[in-house]
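A short write-up of the structure that comes next.
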């Protein structure tokens, strides 16, 4: 069994850790962006969140939806749906001994696709921008899963 120092010498794992940190930081940014838009537009989802703006009917007017808040929230949800599988499959893939350049290509394509997807979602850019970014990132994760299943797992 490999110890932590061996793992830290694994260039593919370290590349994965770097790119995983980037997409996780981006996902954390989306939480902050959602909160920013909720606060600046005074749009809340829960009654207790708008209690500082008054009570009763006065507070109820802040319980509403806003297109900008919903757009950021949907982009964040899309991150959750795509980054979590990338983290799990990417970790297993990085530990399976892939070629460094192939692994880095997978990681870079995924990170680039997710960043571009967020830009396309929040700007908003016309389709097929967002769709292409989504399918590129999804395809990268599928490619890693396929390579992992083909080369290292016994089915």
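Using N, Cα and C of the backbone, Cβ positions are placed for all residues, glycine too.
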Quick check on residue 128 and residue 36: does Swiss-Prot annotate them with the same topological domain, i.e. the same side of the membrane?
yes
In DSSP terms, the topological domain 'Cytoplasmic' (124-128) comprises 0 helix, 0 strand, 5 coil
Long-range neighbours of the topological domain 'Cytoplasmic' (34-62), counting only residues six or more past its ends (CB under 8 A):
68-69, 72-73, 76
Give the distance between the Cα atoms of residue 76 (glutathione binding site) and residue 60 (N6-acetyllysine), rounded to the nearest whole Å.
25
Tell me, what is the mean pLDDT of the topological domain 'Lumenal' (149-155)?
76
